[in-house]
Amino acid sequence: MALLDSTQSEKDESFILRATKIAAVVALYWFISISMVFLNNYLLENKDLDAPIFITFFQCIVSVGLCWILNFLSKLCPGFVDFPSLKFDFRVSREILPLTIVFIGMITFNNLCLKYVGVAFYTVGRSLSTVFNVALSYAVLKQTTSFYAVLCCGVILGGFWLGVDQESVAGSLSWTGVVFGVVASLCVSLNAIYTKKVMPVVDGNIWKLSYYNNLNAIVLFIPLIAFSGELKSVLEFNRLTHLHFWGMMIVGGVFGFAIGYVTGLQIKFTSPLTHNVSGTAKSCAQTVLAVVHLGSSKSNLWWTSNMMVLVGSFAYTWVKGLEMKKVQVPPETETTSSLKSKDDSMV
């Protein structure tokens, strides 16, 4: 009897320990993802610095810098820090270039959407990535989608239009932000497709892909900053030499890089399906926090639009999860799904 009680105690302890780890990982994912959105919104809303492309460019620099630091630490402390060896290969960089162009569009339009619509409407403004994913899967990959999955997309689309209508009624609608949100959603879906195509080039390693992607993006962002006139805005910024400003910029870049790690960590400790559900719940919490932070009052229909988007997204995730259980999913498809979840979290 004593032995039986001891065994039961070990099982209970193991369950409690695992549950605690899962809760900690989910909390970390929520903290980094929500903090990243609010921090980027703070940087982008700065009326003295109208330079969203420059802010995105700097975040790419931080990501590449962190890759170099982790690469150095992996050589200095092998076994303690696990990071792939980074040796620049022009051929790899060239083959990843089409993905980088889509990647630049995704992160730039994400930030532009956030700049014009704010955090409260951001979830609805960028909600069409699932709809575009279904449409592009059929148009490009000739993959059909089940009726129930299409029905979920219809709910998301309905929530999007209702949200736009309610923002218009409230007098806070920015059509520019809505357009940027739609384009960002399209780029998120294209990014998932191109990621699947170029993943073999980096031997399926997400960190190598991130390194080359951000490195290419830095080079391509330079002429964009020059032609957009943002360089003048940056040089005339009155807080350009303030440590607080650059500290916030660096933290934003670190969070942007860290979201990839915590996304993978959450999937590892739970599952891709649970990760998507967690992401949907996080978006709901993010919207509520934004409304509370602004101290604004929203109509019942406005909240209904958000719930339609979130419920539609959750239902789509659940339906696809059931469908994936019925058929064996190739490993590269699972990788792409995980990357798409990461992209949906980014700004």
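Using N, Cα and C of the backbone, Cβ positions are placed for all residues, glycine too.
Listed in TrEMBL:
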type     : residues : note
TRANSMEM : 15-39    : transmembrane segment
DOMAIN   : 21-316   : domain 'Sugar phosphate transporter'
TRANSMEM : 51-76    : transmembrane segment
TRANSMEM : 96-114   : transmembrane segment
TRANSMEM : 147-164  : transmembrane segment
TRANSMEM : 173-194  : transmembrane segment
TRANSMEM : 214-231  : transmembrane segment
TRANSMEM : 243-263  : transmembrane segment
Result, the transmembrane segment (96-114) in contact with the transmembrane segment (243-263) (3+ CB pairs under 8 Å): no
PLDDT averaged over every residue in the domain 'Sugar phosphate transporter' (21-316): 87
Distant-in-sequence neighbours of the transmembrane segment (51-76), which means Cβ under 8 A and at least six residues beyond its ends: 40, 43-44, 82-86, 107-108, 111-112, 115, 207, 210-211, 214-215, 217-218, 221-222, 224-225, 228, 230-231, 233-234, 237, 249-250, 252-254, 256-257
Long-range neighbours of the transmembrane segment (214-231), counting only residues six or more past its ends (CB under 8 A): 50-54, 56-57, 60-61, 63-64, 67, 88, 93, 96-97, 100-101, 103-104, 107
